[in-house]
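Over in TrEMBL, the protein carries these features:
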- B:53-278: domain 'Ion transport' (DOMAIN)
- B:405-652: domain 'Ion transport' (DOMAIN)
- B:45-63: transmembrane segment (TRANSMEM)
- B:122-143: transmembrane segment (TRANSMEM)
- B:180-202: transmembrane segment (TRANSMEM)
- B:253-275: transmembrane segment (TRANSMEM)
- B:395-417: transmembrane segment (TRANSMEM)
- B:429-452: transmembrane segment (TRANSMEM)
- B:464-485: transmembrane segment (TRANSMEM)
- B:505-522: transmembrane segment (TRANSMEM)
- B:543-563: transmembrane segment (TRANSMEM)
- B:596-616: transmembrane segment (TRANSMEM)
- B:628-649: transmembrane segment (TRANSMEM)
There are 2 protein chains.
Amino acid sequence: GAGADNDLYINQAIVFIEDAIQYRSINHRVDSKSLWLYRWYYSRTCQWILSLTITVILALAFIEEPSSLTVTSDVRYRLPAWNPPCGLTESIELLCFLVFAVDVSVKSYLIGWKEFWKNKWLMAYILTLIVSLADWIVSLSFFCKESVRIRRILRPFFLLQNSSMMKKTLKSINSTLPEMASVVLLLAVHLSLFTMFAMLLFARTKDNQQDKEWVVYFRNLPDSLTSLLVLLTTANNPDVMIPAYSKNRAYSIFFILFTVLGNLFLMNLLTAIIYNQFRGYLLKSVQSSLFRRRLGIRAAFEVLSSLKETPASAQQSCVSVGALLQVLQKAEMDSRCKQAIMRSLKMCSCDQLSAAQFQKLFEELDKDAIKQHPPSPEYQSHFMQKMQFAFGHPCFGYLGNVVALANIISICVVLVMDADKQPSERDDFFLGAINCFFILYYLLEMLLKILAMGLKRYLSYPSNIFDGLLTVILLILEIATFAVYGFPHPGWRPEFMGLLSLWDMVRLVNMLIVFRFLRIIPNMKFMALVVTTLLDLVKNLRAFAGILVVVFYAFAITGIMLFKGAVVPLGNTSVGPMNSWNIGPTTSMTLLKKKVPSWCSACSQAGIVYCLLYVLSVHLICRWAKIYFVAWWLISSVIWVNLFVALLLENFIHKWDRRCQRESLSGIEYQRTVELMFRDVLEEPTEEELMEKLHQHPHLQLCR
Amino acid sequence: GAGADNDLYINQAIVFIEDAIQYRSINHRVDSKSLWLYRWYYSRTCQWILSLTITVILALAFIEEPSSLTVTSDVRYRLPAWNPPCGLTESIELLCFLVFAVDVSVKSYLIGWKEFWKNKWLMAYILTLIVSLADWIVSLSFFCKESVRIRRILRPFFLLQNSSMMKKTLKSINSTLPEMASVVLLLAVHLSLFTMFAMLLFARTKDNQQDKEWVVYFRNLPDSLTSLLVLLTTANNPDVMIPAYSKNRAYSIFFILFTVLGNLFLMNLLTAIIYNQFRGYLLKSVQSSLFRRRLGIRAAFEVLSSLKETPASAQQSCVSVGALLQVLQKAEMDSRCKQAIMRSLKMCSCDQLSAAQFQKLFEELDKDAIKQHPPSPEYQSHFMQKMQFAFGHPCFGYLGNVVALANIISICVVLVMDADKQPSERDDFFLGAINCFFILYYLLEMLLKILAMGLKRYLSYPSNIFDGLLTVILLILEIATFAVYGFPHPGWRPEFMGLLSLWDMVRLVNMLIVFRFLRIIPNMKFMALVVTTLLDLVKNLRAFAGILVVVFYAFAITGIMLFKGAVVPLGNTSVGPMNSWNIGPTTSMTLLKKKVPSWCSACSQAGIVYCLLYVLSVHLICRWAKIYFVAWWLISSVIWVNLFVALLLENFIHKWDRRCQRESLSGIEYQRTVELMFRDVLEEPTEEELMEKLHQHPHLQLCR
């Protein structure tokens, strides 16, 4: 009937508007039941469960069998890690797989059969699930004793497929690959030609004293290749040059040519290529988000205009205000936006809305939320007003900064003086006394500020929250110290008591004080600009970080599988394939303690991009390790760092260009989003584009 | 009289047009004598003498007293360097100073008294000369025994002031300094806060086994600061982290935070700032060159139009063709351009030229020179024509590339096989035989190509010149080998004879063959693009390279002065302030042999940007050395590398954008200049701008 139809239209409009708010695609089924399923699937609870499942399945690696999650990473000292009984991690995994199965079926159903066949990500998702399940069954049938677990390498895929941003970024990276491959090929040609040159130049001579270069770095083809590859990472520079240079200065020309061509030109060419590819990347992605939003709103308009209440006689389609109000009440959106739209709907006296008016109403979504701080309290007493003026003044804040600086300097002085003292000689009285004074001042400052601004206004500034929180923590620590160890006095050197020693307490307090010093940042203009740029960057980098996690995870798991058991404690050094470690060119003593697997997990779990450079420099003889580390260097260090630089350049240059513009508005604080940064550059989609896209919708049949 | 006036005008026009061609400023004196002096000063001979003088005075450092120009850099083995007698270098210096004195007086005279006072560079030039002369007198009066020679540090200034490009670049760098200083300040804050954190975190404990981190890296404030500074250069990564990490994995968070914030964010911020500043740099400089050219031509037009022959009745000023022809014949310019202008002057039937026509004539200067290869010879015989087709075909070139590749591979195979053989066991027969065969093929290829293309056409391709030259050298070497050592036969192991041993000859031949393999570059599209970009870059980088030379020179001289005698041979290690070298964290053995002064000169004279990173990592204890190396790292590595990256990005992105455009024209070879690259983006100066500038000319009084 017409009523049911109307309900359907209203529901469709609600979902489309929610799609627009979340920048989602509207290409999903639009019948009543599917709409209910869709809203359920995208409800906060469901998405939260999905994220939790992904986190859990990724985190499993930390407790699974060859895990290295122990306090120390040193194989000589560490206790055997906890080994979960067979079936525990497996049953958790099965639960996760079930959630993923539900996820993939709901997703496939919602986009419809036809679209499903076009969607390679969904098919890969199903394939991954099937392979993982098969591997899981194999695992259980071997009672968890099997050596290779393919499903562990496949796990990061679940993270990848869940984020549309990541998929888009990956596509973008993918389109740069041919050019990157050309540069990498060029690097390879460069490397091989120079290797041949080096082998001819530093050949074995009859005089054994003279060919140090040959012995250490250019003994044979793999050695020479490795030496020069490591030189490309600059890790063995200038070690590799020293023997030849001390023989004849002219040899340095070879190394200089190699470094300049390889490092300065070819490596930076990679940066240029990647930057060139990503120059429009942010703008493009924001532009497509805008298109999705406009499309969602237009789709909502179209379905609402087919409601039966609309007078059929109207020349152009329009929407009644009542229907829109109904939709707005049911749609989930930011309450501030909802109120603003309601308000402007009431102010507009007309009964029917055209498409343009409809779009205009929802422009509220694109606007900055102007952050208003609550007013200061108004005091009656003249004295209080004066107090308020004095302590609400910026100068009081500057005074606080100066005091914090003084505190830092005093800590620094004490540290320098105590540097060479034995722990037993150390006298904690001085530091305890001055810290006590400074913390009292911080408390006073906080209280006076609250008095001047009122609690609400005080808490509306993030810098005050940071400040206040640290002050409270410091106060609690200080009170705890005094409660346990008594008040400081000269020669104050109490015994160890309770959870932490006095010395640890004092160190913790000092670290917090150093951390609290960061409150000066918003007071320095250039620093504030840099910090806001970096924060923006972090927002935009989420997709990249996700891909990085995927790559790190895959590398870590591969590394653990490849090098399992390759490292043994220092006692018996000659066991396993890693006994060639001690051939390394610079030293052997310190390097023996470095272990590939713990390094893999350290590098990978942690995220140091450069840590490989040094590991490579010790000339892993083991072939696999070499290939593994070169791949790791290329992907994590070269390509990812260049991607990062490209994004940073993009972001920073945008921000920099707009700096002057912003300074004029400095009175008002905006809650800025990425979308807003580009607002003046974005193009509004035309009505024709929107309608064409709407008519291509696989499930929605529009009347006109 | 009128004739003398006319001569003056003609001479002025000649000089203005030469100015326009060379992109020089026209703000110089314009009376007859000054014009003669001006043309003499800018004649090739004079400029060549000036360049030679600058080269000579800079090169003096290689033979002056604490010079290190010996074959080996190892203090243990090297012979005492040649010490020039007192007065030899000094008299050369005096000659140079005289040339500079003439240069500065001519320059000052030519720009005129008024302009001289505004020109800070000229004043600094005079000041430098005076200080240098004073120092020279002091030096002589001490009979060359004085320890400090200020004039040696001042020398690079002479290079700097002679290039207008360098001065412009320096100005550009200068305007970036405030922002760079902010980032460096930020880095300093970052470093100092993290140092305090580190000192609190890795404090001395009662258990001596546990505080390795403290002992090695964070013993006191300077140590901690150095450790973290070196971590910022990534030279001691992950060494510095290992002890703490093996105690507790959580400590790695500190190092990761430091590296990510410092290296990824702050260091790349520097790149972003410098790139942002230099984005328009090339375009701007090309634009100002264009303005100078148009201004010169316009000035020539204006002076020619004041010639008495011109009919005074003409409404607008114009120039007679005869006068222009007279000017053209006397002006020094590219003969191709001259002919083209003459030709179009004859084709234009009119007698008088307007300003627009005049400018249009000289647009020939801006045009690409289309390079036309001479035609191939036309053979009568049918057989010869077939030969010509076969060997003129690109496939023959590809075959040559394949043969060159085969040669490379064969050398590579022999190298791998011979890698572990003693020199006495080595049999040179195989390599000798195949190289003989390959060189014969190369000779044949060259002769056939000359046959097919004719000698002139063959030589008109640079790749052929490269190819042919190397082939001829290879042939000569091979003939010399056979003449000295006879033809190769199995067991061919002749004794050492003549200048080079057979083994050295073979190595030289092999190196040349590897080098010849570079001829494949133009055959690979992407490689060709990259290589042309790099060549363009080298052209644009001349100014930067000059500034780099200035900085390197100053650092090298300072280093030599600071660390003179600080290094002693290995026998008595504990002499001098450098005995603290062996405290270094990783090794002491190899590092003891590294010497600051030879390093300084190696780094500086040679140009390796990264060589410091490792030197820093050995924890120089000597304060001065530390400060010196940090300054060196900041300037040469951080700032200069970032400048280079910025320019590379700029150049590459321009080139990349225009690639599609160029591909359509690929049939024609252009001799491209920087100016032409930007031709579509450049703005032509308006007539008003030109005339306004002309009226501001300090010496030229225009009638109108």
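The backbone N, Cα and C atoms fix where each Cβ goes, and this holds for glycine too.
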Please give the sequence-distant neighbours of the transmembrane segment (B:180-202): residues at least 6 beyond its ends with Cβ less than 8 Å from one of its Cβ atoms.
211, 213-214, 217-218, 221, 224-225, 227-229, 232, 244, 251, 254, 258, 261-262, 266-267, 269-270, 273-274, 634, 639
Given a Cβ distance threshold of under 8 angstroms, which distant residues of the chain, six or more beyond its ends, lie next to the transmembrane segment (B:505-522)?
400-401, 404-405, 407-408, 411, 428, 431-432, 435, 438-439, 442, 463, 466-467, 470-471, 473-474, 477-478, 480-481, 485, 528, 531
Long-range neighbours of the transmembrane segment (B:464-485), counting only residues six or more past its ends (CB under 8 A)
432, 435-436, 439, 442-443, 445-446, 449, 458, 492, 494, 497-498, 502, 505-506, 508-509, 512-513, 515-516, 518-519
Can you name the far-off residues of the same chain, 6+ from the ends of the transmembrane segment (B:253-275), with a Cβ under 8 Å from a Cβ of it?
176, 179-180, 183, 186-187, 190-191, 194, 197-198, 201, 228, 231-232, 234, 237-238, 240-241, 244-245, 638-639, 642-643, 645-646, 649-650
Over the domain 'Ion transport' (B:53-278), what is the model's mean pLDDT?
83
